[in-house]
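What follows is one structure encoded as C-alpha cells, with my remarks underneath.
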Amino acid sequence: MVEQITDKLGRPIRDLRLSVTDRCNFRCDYCMPKEIFGDDFVFLPKDELLTFDEMVRIAQVYTQLGVKKIRITGGEPLLRRDLDKLIYQLNQLEGVEDIGLTTNGLLLKKHGQKLYDAGLRRINVSLDAIDDAVFQAINNRNIKASTILQQIDYAVAIGFQVKVNVVVQKGVNDDQIVPMVQYFKDKDVQIRFIEFMDVGNDNGWDFSKVVSKDEMLEMIEQNFDIEPVAPKYYGEVAKYYQHKDNKAQFGLITSVSQSFCSTCTRARLSSDGKFYGCLFSTVDGFNVKSFMRNGATDNELFEQFKALWNIRDDRYSDERTEQTVANRKRKKINMNYIGG
C-alpha cells in the first residue's frame with residue numbers, strides 16, 4: 001500500500017533520481033571542467049558506490065511513498081558496468097511506471113540494445129551543439145556532434161523514445177538554437193533547451209551567461225511558425241511548443257527565469273549513496289548507504305525516507321538572485337555526484 005506524503009511546501013514525491021557513477025568521459029565546463037577533473041582527479045572507489053541491489057532496495061521502499069518514475073543519471077551512467085542488469089531489476093518493481101536514462105550518448109551503440117532488451121524505453125541525450133567545432137569546445141574531449149547524432153539515430157532505430165537536452169550559454173552555443181530546432185524538426189526526437197544554471201561549485205556561472213526562455217523563444221519564432229502546447233502532467237518542467245505544419249514539439253526549460261520549485265517532486269540519491277532534496281543542495285545529504293550497511297530494515301528505511309521528505313523545504317531557484325549567489329558561503333554538491 002502506498003502512503004501519500006508531502007514535504008513542508010505541500011509537494012508530493014513522485015520521482016527518484018539515481019546517480020550510478022561520478023565518472024564521465026566528457027569534461028564540459030559547466031559540470032566537470034578539465035582544469036579540476038584532470039587525469040589525476042580521484043573518483044569514488046567501487047566500494048563507496050551503491051550496489052545495484054542497494055539501489056533496487058531503495059527504489060522499492062520509495063515506491064511505497066509514491067515514487068512512480070525513476071531516472072538513471074551520473075556522471076555518465078553508461079560507464080557503470082552491467083547497467084542493463086539494474087534496469088531489468090528496477091523494471092520488476094511494482095509501482096514503477098517509467099524508467100528513464102540521461103546520457104551524453106557516446107556509448108549508445110555499445111550498450112543500447114542491452115538496455116532496450118532490459119526494458120529501458122526512454123533516453124535523454126545531452127547535446128549542447130550541432131556544429132562539430134562548437135561541441136568539441138564544450139566537451140573538451142574532441143568528440144564531434146556528428147558522432148552523437150549517429151548514436152541518437154541508432155537509439156531511435158531500435159525503438160527508444162529520445163529527447164535531446166541543450167544547456168544554453170550566452171556567447172558559447174546560443175547560435176546553435178535555431179539550427180538544432182531545424183535539424184530535429186523532422187526527426188522523431190524532441191529537443192529541449194535549458195537555461196544555464198549555477199549547479200555545483202566550478203562552472204563559473206553568473207546571470208550574464210543565461211539566455212532566458214523569452215530570448216530563446218524570440219529566436220525560434222523569428223524562424224518558425226509555432227504554437228504553445230498544454231502541460232501533460234503536474235510538475236512538468238519544460239514549456240512545450242509545436243510546429244504548426246508537422247506538430248513536431250520542442251521544449252524550453254526555465255530553470256532560472258521562471259523556476260518550478262513549487263511543483264518539484266524529485267528525490268535524489270547521489271553516486272555515493274546520499275539523499276538530496278534539491279539539485280542545488282549545500283548541506284551534505286543523509287547517508288543512506290551507511291544507514292543500510294549498518295543494518296537498517298526496510299521499515300526503518302521507509303520511516304527515514306518519509307522523515308527526510310516531510311522536512312524538505314528546498315526552493316533554491318525561487319530564491320536565487322545575483323546577490324544570493326554572490327553571497328553564498330556554503331558549497332553546493334557537484335552535479336557529477338548528485339545527477340543532473
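Easy rule for this one: first residue shown is 1, then count along the chain.
Glycine is no exception: its Cβ is also placed from the backbone N, Cα and C atoms.
Annotated GTP binding site per Swiss-Prot: R17, R71, T102, K163, R266, A267, R268, in sequence order. Spatially close to R266 (GTP binding site) yet at least six residues away along the chain are R14, D15, L16, R17, judged by Cβ distances under 8 angstroms.
Per Swiss-Prot, the feature [4Fe-4S] cluster 1 binding site maps to C24, C28, C31. The Cβ of C28 ([4Fe-4S] cluster 1 binding site) has 21 neighbouring Cβ atoms from other residues within 10 Å, across all protein chains displayed.
For the recorded site, M197 (S-adenosyl-L-methionine binding site), the DSSP three-state label reads coil. Residues or ranges marked as S-adenosyl-L-methionine binding site by Swiss-Prot: Y30, G75, S126, M197.
Feature annotation from Swiss-Prot assigns [4Fe-4S] cluster 2 binding site to C261, C264, C278. Counting every protein chain shown, the Cβ of C264 ([4Fe-4S] cluster 2 binding site) has 25 other Cβ atoms within 10 Å.
Per Swiss-Prot, domain 'Radical SAM core' is recorded for 8-227.
Across all of the domain 'Radical SAM core' (8-227), the predicted model scores a mean pLDDT of 95. Listed in sequence order, I13, D15, L16, R17, Y62, V67, F275, Y276, G277, F305, L308, W309 are the same-chain residues six or more apart from A267 (GTP binding site) with CB atoms under 8 A from its CB.
Spatial neighbours are here defined as Cα atoms within 10 angstroms of one another, and by that definition the neighbours of C31 ([4Fe-4S] cluster 1 binding site) among the binding-site residues R71, G75, R268 are G75.
Counting in whole angstrom, C24 ([4Fe-4S] cluster 1 binding site) lies 12 from S126 (S-adenosyl-L-methionine binding site) by their C-alpha atoms.
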